[in-house]
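**Q** Mind having a look at this structure? Questions to follow.
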Amino acid sequence: MTKIKLLIHAEDGSFPHLSEYLLRKYFNPKDETIKDHFILGIAVKDTCIQPIYTAKESKKKRKRQESDGEEKKVAPKPTGYTFDTATLHEQTRLMEGYNTFAVPSFDLVDDAKVQMEKDASNRLKNPQKNSTKEGQKSIASVTSTKNHLSLITPNGLQQITPELYTQVGNKLKCDHLLALFDQANLEEGKKRKAAACERSKAWLGLCQKSHQSTTECKSKLWAAFSCHDSKWTLNDSIQYITEYKQSLEGIAIVGLHHVQSRAERKDLVKKISSSFNPKPALAMLAVPDLSQLFDAVECGTEIISTSLPVTWARSNKLFNVLKVKSEEVGSDGCIDLSDEKYARDTSPLLEGCQCMSCRDSRYNKAYVHHLIKANELLAQILLFGHNLFQLLTLFKEELSSDDLDLSKVRELYE
Amino acid sequence: METKVTWESRKRNREDGADDNLDDTKRAATDTNEEKAKVKSSTDVPTASQFIVPADQFLSLPPELQDVDFTKRVSWRKFAPYTKEVLPLTPEGQEPEFKEDSPALCFHVHATSGRARATTLHLPSSRKVQTPIFMPVGTKGTIKALTTEEICNDPALNCPIILGNTYHLALQPGTELVRDMGGLHKFMRWDRGILTDSGGFQMVSLLKLAEITEDGVEFENPFLKDSKERMMLRPEDSITHQNNIGSDIMMALDDVVSSVTDNDERFEIATYRTLRWLDRCYAAHTRPKEQNLFAIVQGGLDTKVGGLREKCLAGFRARDKMIPGYAIGGLAGGESKEDFWKVVNQCCKSLPDDKPRYLMGVGYPLDLVVCSALGVDMYDCVYPTRTARFGVALVPGEAPGTLRLKSNEFSEDTRVIMEGCECAACKGGYSRARLHTLLKRNNPLAATLMTNHNIAYMMYLVRGMRKAIMEDRYASYVKDFINDQFRGSANGGQDVPEWVRDALNEAGIKV
């Protein structure tokens, strides 16, 4: 029986939304389900970014301080940022015992798109600073050179070399480590795609070398397979990953969701898995919806990374209410609790659910609806707790079942 | 010079505002029915018109106070150290006995230490509150960023009572809905104490266009911005809302005047009106066996013999039988600390020792320590929870007793907020640097951890205060606290503020 695992991004190295008190009670790493079906994704871009302080003082400041007579305690400002870390627990105080998977980022192109939107909205706010020309088509692009990748971090764009990345990744002591990779936007030209492929190849080599030379306890190394397009770079990628096959735990497919056609996506994964013998362990990063999640399971993916429980919670959605009132449920398997019709709905969030928000018929729909309307953070906490529990239940009870009939599961949701 | 201009212009504005209110009060009393009909009340409960007086009597002493000798200080049922008589104490753990004149509250005083007291409020449904107590504010039916489970079961929090805001709950989701859901306890899954305010304070503080008339507080419904429809919150409405919410302790609607208003006449009107509105509140109260209705002492900063605070207190003395507990109101509104402690002091000296005293809207740790020495039992304030979300952690030690964790100076500080603290952040080993990072990134977990710490700190504080009172060493507890916060300018710290020295001196504690 394959135990399909859900990989959730631990934003800033923290379990999203839940305090240790709730984690111990409801998502304890010692629980069977958590052990078998849950992995926390640690992104180096937001977990390992550290400020640098260099003892530099401007003349002006020094003069001012001198004239003040007494020495004032001035809070230093970081002069730059770098990537460094201690072990994951020391660095973030994340509860110990979870399966963990360190990655540079879950999808570099998605990061670039978010950044571009942010920049655009900033430009709207400050039209004077608008430097891009009107009508100029811009593509969200990942910045990289032969020697480094520019990661989009909470402290801006920061360069990381494959050596530094592996060093930092090893220090985290996560169970799994994804090698540094480059990723081209599908809309970019052949040249950029070829360069990205070339860099991913070189960086995998460097990562593998530095990983091998580490004497301490090691994370299992994964290679990233960036999906640029179905023809152009595919064979090149397959070829270079095959070279390192022996030292790899598996292959993480990155950016598949950018490929628009479902058939093309399926083809691509089929080609990847059939090109290796024996079949490699597959992980799929940044799966955007349930349909693609089921496709991933169908292709034999073991680890599926998705931000669905968080995005559902942030958009007021309650997952897996299919068995209750199917007519209200959207195609994503959710109901939108911000809908006015739940204002007086005293029924529990989900009958029979044993999650932190539902068990002992704890909270009803009307209360969570009220929290949403009142813009209370507790709404997100309760919804996230429920959605994660339900998605894990789906992974454990249906997707990992021996007699899995995916078409039946699909029918329920689509 | 600049401050003077600002102050004067502010004062002028306030006077204008107050005059507007005066005009309106007069107008409301003489208005035709036609004009009144424009203002819709938020509930259908009729006004108890027997308690309404015409505008020309707004400044007349209420009939029940006409025989009171205002040359003497007003006080009733006082025991040691106020008088020589000894207060009968009840041992901890004694079962409550609800009496006919206080069917929803049984108040036990277990110990006193000077004027400070350790008590238990037994509420219906076996809920009990040990004092001194700080009540975290759960404005809209939740303590922001925490689940009720954590607030109850996390030993560092374990709060016995929280506060809900009637005004906010009336706007969203509406108190009829809360009532239909079985009351706020059931709605938010909280089986412990809830205290609700009357809603009047928010109307006056949040809404610029609120006007107070004899009938109630008239305001523009903020949810109906376009229609310009005006709404009315009468004492009857406030109580109906609170009856709907089902809180264990309700507060009477009072005529709130900002403590820094400079208009004696307005204060006098407000004081007498507060008495009349209290009668209307009790007349509208439909669940006296399940819910307590506390009265709020008003009267501005006038603490002199025969002053407005005394008049209000004398009015309450005349109504004492129906009042299960008292609150001190009209403070925490920008008045000087000198004025503040004098009002608290006078109210505590007057109010009976066999009923609880609640100081509204007060919540700095220093205020709690000082006011408990003066005899206050209960406190509430948004400060610890709100400031937590802004990244400020409460800590013992040197004044101001806070850490602004968003500041860069904490970006490499590997210590936890407070050594030995049992909260989720400190016990979980979250360093100041880690919290700094989470706060800077707006990670929602930061709000949860910081709120958890600040409530845990307030609970640690009140538990320490209670223990010291039970062991009759509150004076030394206070001295330690004060000496820790104010280490003196000679030692590079701050000196003890004059008001703290004076207030504690009054309570018999010399620092």
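Quick reminder: no glycine exception, Cβ is built from N, Cα and C everywhere.
Grabbed the feature section from TrEMBL, which reads as follows:
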ACT_SITE  B:D197  active site, proton acceptor
ACT_SITE  B:D380  active site, nucleophile
BINDING   B:D197, B:S198, B:G199, B:G200, B:F201, B:D254, B:Q298, B:G330  substrate binding site
BINDING   B:C421, B:C423, B:C426, B:H453  Zn(2+) binding site
COMPBIAS  B:1-16  compositional bias 'Basic and acidic residues'
COMPBIAS  B:23-38  compositional bias 'Basic and acidic residues'
DOMAIN    B:115-485  domain 'tRNA-guanine(15) transglycosylase-like'
REGION    B:1-45  region 'Disordered'
REGION    B:361-367  region 'RNA binding'
REGION    B:385-389  region 'RNA binding'
**Q** Which of the three DSSP-derived classes (helix, strand, coil) applies to B:D380 (active site, nucleophile)?
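**A** Looking at the DSSP assignment, B:D380 (active site, nucleophile) belongs to a strand.
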**Q** According to DSSP, how is the region 'RNA binding' (B:385-389) divided among helix, strand and coil residues?
**A** 5 helix, 0 strand, 0 coil
**Q** Using DSSP, tally how many residues of the region 'RNA binding' (B:361-367) sit in helix, strand and coil.
**A** 3 helix, 0 strand, 4 coil
**Q** Which of the listed binding-site residues (B:C421, B:C423, B:C426) has the least company, meaning the fewest other Cβ atoms within 10 Å of its Cβ?
**A** B:C421
**Q** Name, in the order they occur in the sequence, the residues of the same chain whose CB lies under 8 A from the CB of B:G200 (substrate binding site) and which sit 6 or more residues away.
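**A** Listed in sequence order, they are B:V217, B:L233, B:S238, B:L253, B:D254, B:D255, B:V256.
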**Q** My understanding is the cutoff is Cβ-Cβ under 8 Å with a sequence separation of 6 or more in the same chain; which residues meet that for B:G330 (substrate binding site)?
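**A** B:D254, B:V256, B:V257, B:S259, B:I296, B:V297, B:Q298, B:G299, B:G300, B:V343 - these are the non-local Cβ neighbours of B:G330 (substrate binding site), listed in sequence order.
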**Q** Of the recorded positions listed here (B:D197, B:S198, B:F201, B:D380), which is spatially closest to B:C426 (Zn(2+) binding site) when Cα positions are compared?
**A** B:D380
**Q** Among the recorded positions listed here, B:S198, B:D380, which has the most company in the form of other Cβ atoms within 10 Å of its Cβ?
**A** B:S198
**Q** Determine, to the nearest whole angstrom, how far the Cα atom of B:C421 (Zn(2+) binding site) is from the Cα atom of the residue listed as 'active site, nucleophile'.
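**A** It is 22 Å, counting Cα to Cα.
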**Q** Same chain only, sequence gap of 6 or more: which residues have a CB within under 8 Å of the CB of B:H453 (Zn(2+) binding site)?
**A** B:A388, B:A393, B:L394, B:I417, B:M418, B:C421, B:C423, B:A424, B:A425, B:C426
**Q** Between the residue listed as 'active site, proton acceptor' and the residue listed as 'active site, nucleophile', how many Å separate their Cα atoms?
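**A** Taking the Cα atoms only, the residue listed as 'active site, proton acceptor' lies 10 Å from the residue listed as 'active site, nucleophile'.
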